[in-house]
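Chemist: Here it is, the structure, as structure tokens.
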Amino acid sequence: MGRESRHYRKRSASRGRSGSRSRSRSPSDKRSKRGDDRRSRSRDRDRRRERSRSRDKRRSRSRDRKRLRRSRSRERDRSRERRRSRSRDRRRSRSRSRGRRSRSSSPGSKSKKAENRSRSKEKAEGGDSSKEKKKDKDDKEDEKEKDAGNFDQNKLEEEMRKRKERVEKWREEQRKKAMENIGELKKEIEEMKQGKKWSLEDDDDDEDDPAEAEKEGNEMEDEELDPLDAYMEEVKEEVKKFNMRSVKGGAGNEKKSGPTVTKVVTVVTTKKAVVDADKKKGELMENDQDAMEYSSEEEEVDLQTALTGYQTKQRKLLEPVDHGKIEYEPFRKNFYVEVPELAKMSQEEVNVFRLEMEGITVKGKGCPKPIKSWVQCGISMKILNSLKKHGYEKPTPIQTQAIPAIMSGRDLIGIAKTGSGKTIAFLLPMFRHIMDQRSLEEGEGPIAVIMTPTRELALQITKECKKFSKTLGLRVVCVYGGTGISEQIAELKRGAEIIVCTPGRMIDMLAANSGRVTNLRRVTYVVLDEADRMFDMGFEPQVMRIVDNVRPDRQTVMFSATFPRAMEALARRILSKPIEVQVGGRSVVCSDVEQQVIVIEEEKKFLKLLELLGHYQESGSVIIFVDKQEHADGLLKDLMRASYPCMSLHGGIDQYDRDSIINDFKNGTCKLLVATSVAARGLDVKHLILVVNYSCPNHYEDYVHRAGRTGRAGNKGYAYTFITEDQARYAGDIIKALELSGTAVPPDLEKLWSDFKDQQKAEGKIIKKSSGFSGKGFKFDETEQALANERKKLQKAALGLQDSDDEDAAVDIDEQIESMFNSKKRVKDMAAPGTSSAPAPTAGNAEKLEIAKRLALRINAQKNLGIESQVDVMQQATNAILRGGPLLAPTVSAKTIAEQLAEKINAKLNYVPLEKQEEERQEGGQSESFKRYEEELEINDFPQTARWKVTSKEALQRISEYSEAAITIRGTYFPPGKEPKEGERKIYLAIESANELAVQKAKAEITRLIKEELIRLQNSYQPTNKGRYKVL
């Protein structure tokens, strides 16, 4: 009611304003106006309700038609609003005119009152009927709107129907054309069959057939064209015409400037064949992104050309830098300030202190005195707190002398046993060195680079470095192979003060993206951890390439547990006036490790290993070291069968798996690890109690590092080494390691070594101790390039692709295979097969018997070796037993031994003495015989797959059937470097036949199979580092 009253007041006020001219109003006029007001109010309410209803209806309808006719619905709404506004204006004008009429007709007010009353009654009675009429009107309006919508829908449907009719008509026309073309083609084909016969002159006609076939294909494709595709083709044609018009217009404009454009126009207009060919490829190639992704076959690049281009690019990027042309920022290396307590120490006190600290020996001038506590080395409080937090109470012997020497800015060679804290010895001075320099700007490389030989050691150093770098606000990036390079590139681009890397991946980073990933301009501190392995011949080129790109006045530090004398000369090439700090002698196993060496047979090693595992595994973790990846996997299977859960770690495992295996082993998830020497360096595992050298280490340094995995940080450890009699040459290094570490040498090991020395002396050989540093890496020189070219020539020759200049290469590979065969040919005269029954004694037989007796007498005369020699060995033994004397070995003269040795040598050299040939001729001169041809092909030194291919049952059977020769496999396989014992032979194929041609055919087929396999191996060859460690 409040709203109605307000409305009533507003309406009355408006009426008061409109009727302000006649101020004198009668009571009857007021009543009639009130009635009119009431009626108008009721009408307004009805109108509002009806409008709201109509709005709801319209909304629901508009929702249904929204997707198809949004714009039309908006126009209808606007037209409705216009109609409503017009109707409102009409109502207002009518109400105003009524008011004027009421004011002008005041004299006949009574009659009008009566009329008004009667009208009000009629309206009151017919109120319901008026409402119904209004509803009818609204329904009619809605129906009109529906009709309008239906009209639009019908119009759309009509358009679609016409479009379909056009498409159907077009399809029908296409079908008719296709049928006509097919009929014509059939007629032509029949005419050609009837009227033509093939001749050499018709070769030119065959060239036209593909074009006709293409036409037929295009016409058949047109039959199955979808209407939408046809429409899109029309659009493309229009776009193309538009582009051609624009090109022609541009050409016409440019035609005035010079004659060159005229040539372009003529090319476009005359070369129709090119345009047709382009049509088949696709339209608008400049706008077709999908088509641009595919390159044409004509633009293929030669693989070898691309490879050589890449190699030359790599060489350019990694060439040594001319440091004289670069202005480097000055930096400070000497930060060490000697505290008064150390300054007061005399030289004698310093020597005594060094002797107490496990016998520190120092070489080099100007070495500072060793420190006694962390506060004396000049590090910040943040680092001191971190040291205390992580349990570093006091410096170890190597740290006491190495830290002040490095803080003084000197180059250093640090030699200390495993687990002695070498990592902290070079990390603490590095932090002080970096903090003294300005912070990195965008695009600048690191300040410190730490290089390691293995990925595991790189990860371990990174983990140790991050303990301190977080508090100092420094960034550390570990760069190593085997993982995705993109993440490492992203980290380097963000900037890092410290890079821990393996040399191979570091070179990749320096060469990546034309050297924009990182650079070595800011590097002033270089660390080589495990420096002896870094300077092994396999690693030297990569290490030197990185070091040569660093500024010459850098500070370089080297650390290792072993440092052979042969490596010192190489190390001094990159050091300037170094100080050598050695702790505890060179390469010594820690005294906390109890070492045991067991001389054992190969078959009993696994049972002994199970015994050790049963005794030690409950006390902690165990590492078993083997020499090869295959042995690691084989031993893993054997241990799993014996119910020992374990894991294997070697260079052939993916890097992600290697990381997870090391983490599981460190965390104690798995307590047994079978590994090659990949895990022997820098791997720090807590609670590692036992190391088993299942395969004996082949040099001293390898033994030291293997045994050094246990007994770290003052804990007790055990190291067992298995050695067989065949591995006696390694016993000397193990005896040396035991003696230097103060461990008693087992007597059976000493006996094994002394027997081996005696044997070598008897054979006239010199005993050489292997240092383990004889591996060779890639030298990137002309010799290697020549070898690579030779390999390519052999491949070309084998495949028949050689040039006329390279015809000799075809013979080379056959000559190499022939030399490896080391073939031995023999021709034997065999007796002709006859009847098994003995022949009757005839005159001929008697003559043969006489010849045999004479030969026997002559042999006895030639071999007149005394009375004992005429009696056989059995007779000698019988005589000894009858006499009752001791049974002695039968006496054999030196001449007999010499003859036996000569026969063996002759057999090896495939030599038949002349005397024997004469005897055979005399024996077989009058007998019926046939020749048997034999040839032996030694295949022991060929690759395993080549041997398998030749010695397979199917291959031998196929060769025998083809050549009609018998082929047998004889001898045993001996690995490279191992010579067969007396009476044994390397594996070989024996070919036998009565026909010499059959033997030659069999040999040629065997040669062909081996050649194919060798070529296949060369093509699939991946250059790998055969050493124990890899730079990845």
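The backbone N, Cα and C atoms fix where each Cβ goes, and this holds for glycine too.
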Chemist: If you check Swiss-Prot, which of Ser439, Ser486, Ser804 turns up marked as phosphoserine?
Modeler: Ser804
Chemist: Of the residues Ser12, Ser199, Ser819, Ser1020, which is given the phosphoserine tag by Swiss-Prot?
Modeler: Ser199
Chemist: When Swiss-Prot marks a stretch as motif 'Q motif', which of 314-342, 343-371, 372-400, 952-980 is it?
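Modeler: When 314-342, 343-371, 372-400, 952-980 are checked in Swiss-Prot, motif 'Q motif' belongs to 372-400.
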Chemist: Quick check on the annotations: Swiss-Prot lists motif 'DEAD box' for one of 217-220, 249-252, 529-532, 821-824. Which range is it?
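Modeler: In Swiss-Prot, the motif 'DEAD box' feature sits at 529-532.
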Chemist: Please determine which of the recorded sites listed here (Lys186, Lys325) has the lowest count of neighbouring CB atoms within 10 Å.
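Modeler: It is Lys325 that, of the recorded sites Lys186, Lys325, has the fewest other Cβ atoms within 10 Å.
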Chemist: With H, G and I counted as helix, E and B as strand and the rest as coil, say where DSSP puts Lys325 (SUMO2 cross-link).
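Modeler: Its secondary structure by DSSP: helix.
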Chemist: Have a look around Ser346 (phosphoserine) and count the other CB atoms within 10 A of its CB, chains all included.
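Modeler: For Ser346 (phosphoserine), the 10 Å Cβ neighbour count is 8.
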